[in-house]
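Inspection log for the structure reproduced underneath, given as structure tokens.
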Amino acid sequence: MTDVADWRSPVEVSLWRNRDYMYWWSGTLASTLGSSVSAVALPLLIMFDTGSVFAAAVVGTAERLGALLTQLAGGALADRCSRKAILVVGAILQAGLMAGIVWLITRSSVNVPGLVALAGALGMVGGVVTGAVMPVLRRLVPRSQLAARAAQEQGLNQVAQLAGGPLAGILFGLARWLPFVADVASYLVAAIANMLIRTPLGPDRSHVTAEKKPGIVSDIREGARIVARHPFLRYTTGWVAVTNLVGNSVMLLAIALLKEQHAGPQVIGLTNAAILSGGVSASLIASQLIRALSARRTFLLGNWTYVMALGCVALTEKPWQLAIAAGLFVFAAVPTASVWEAYTASLVPDALFGRVGATTMFAAQSLTWAGTLLAGALAESLGASVAVACFALFLLPYTLANHVTNNLDVLRTPIDQVPEIVPQ
């Protein structure tokens, strides 16, 4: 499973006709759907069995922290080890760990410490796999299609979340272990799909053997150093950390607002689906929107939409109003995040993409756990509407700074003409 053949930039064809990309996409769709199912089913299981919301939160936090612990190392590994092997072996390990969760669940009572340990291990494997994903996609997708690919992935995630909740409920109703068996199967599908990819995924042997490689810690430092030196990467690394802190808390705050509005479970479920459908809709037109507006205008407008949409969410009094306002936030997230991801991918050369991409993705996820805790604390102490307004204010400094900073000047350049970073 070594990728030693010569690699050339992929020929531009429709993403739907790009065979190897569609292998990756199909496997990712399966595993993302499976993960969405288990992400809903696991807290349900814990809360039904123990009655503890805190225990469910601890298990979820363990997985997120596990991923953060290994994501930087995963990026360094992706620049020195077979990326295809990382994807395949990682998916198999994830299937095995999820099977361990199935085994725990089939016992008489839920073992929360055991679930915490397995969830943490799942996150750690996922962090390593995540470090290889962006370098792999750089091999499979031409630079001119990176924004369209990012939008497609955003839509994939939204569809998986949209379907994951109802599917988790159905499977959980049949047998409480069944959602997790489905997740085991989804990881195995991903492993098989990645095995079918024929394009050499790298790293090229010349990059690995030309000189004695430094240690993984040195690679991680180099990735951080490159990000710190490049204006766009440095600026957007902070931006994405703050944006994801807010974005990953939107659904929790929406549920809190709906409960304050005395909405029932069915209304909450329908509102949740309506909000997520905004992201699905955006994924269908994001690439056309970016071409029509330009990357820079899309980025600026998207950030203002974030702030205004959350301001509207804070003022809503009825579920349908909340669905429209929060759905607009999710809609804006797709083209805005696609611009950031596409330009980041285009700037970084293949030989460095693992460590640099892992640094930016680490930043993207670094504050999400804190955002969830902060959202809960603000909602409990001040009310959900005030909490949403506070989160809108968190985004305002970057939204204003975007108009005056020179760090976003690269967005004025067409993506296929962006010069790659030259290592110093």
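First residue shown is number 1, and so on along the chain.
Cβ atoms here come from the backbone N, Cα and C positions, even for glycine.
Owing to the predicted nature of the structure, the values given are computational and were not obtained by experimental measurement.
Sequence annotations record features per position, and here TrEMBL assigns transmembrane segment to 21-46 (among others). Here the transmembrane segment (21-46) has long-range neighbours at 15, 52, 55-57, 59-60, 91, 94, 98, 101, 105, 110, 112, 115, 119, 136-137, 140-141, 149, 152-153, 156-157, 159-161, 163-165, 167-169, 171-172, 176, 179-180, 182-187, 189-194, 196-197, meaning same-chain residues at least 6 beyond its ends whose C-beta is under 8 angstroms from one of its own.
Marked as transmembrane segment by TrEMBL: 85-106 (among others). Tertiary neighbourhood of the transmembrane segment (85-106): same-chain residues 1-2, 27, 31, 38, 42, 45, 74, 77-78, 114-115, 118-119, 121-122, 125-126, 128-129, 131-133, 136, 176-177, 180-181, 183-184, 187-188, 190-191, 194-195, 201, selected by CB-CB distance under 8 Å and a gap of 6+ residues from either end.
Residues or ranges marked as transmembrane segment in TrEMBL: 112-134 (among others). Proximity of distant same-chain residues to the transmembrane segment (112-134), defined by a Cβ-Cβ separation under 8 Å and at least 6 residues beyond the stretch ends, is recorded for 42, 46, 50, 52, 55, 58-60, 62-78, 83, 86-87, 90-91, 93-94, 97-98, 100-101, 104, 345, 353-354, 357-358, 361.
The annotation transmembrane segment is assigned in TrEMBL to 239-258 (among others).
Sequence-distant contacts of the transmembrane segment (264-286), counting only residues of its own chain at least 6 positions beyond either end whose CB sits under 8 Å from a CB of the stretch, comprise 147-148, 151-152, 154-159, 161-162, 165-166, 250-251, 254-255, 258, 319-320, 322-323, 326-335, 338. Under the heading transmembrane segment, TrEMBL lists 264-286 (among others).
The transmembrane segment annotation in TrEMBL covers 298-316 (among others).
Look at TrEMBL and you will find 322-340 (among others) tagged as transmembrane segment. Taking Cβ pairs closer than 8 Å, the transmembrane segment (322-340) reaches residues 147-148, 150-151, 154-155, 158, 236, 239-240, 247, 250, 254, 257-258, 261, 271, 274-279, 281-283, 286-287, 289-290, 295, 298-299, 301-303, 305-306, 309-310, 312-313, 316, 411 in its own chain, all 6 or more past its ends.
Here TrEMBL flags 352-376 (among others) as transmembrane segment.
What TrEMBL lists as transmembrane segment is 382-401 (among others).
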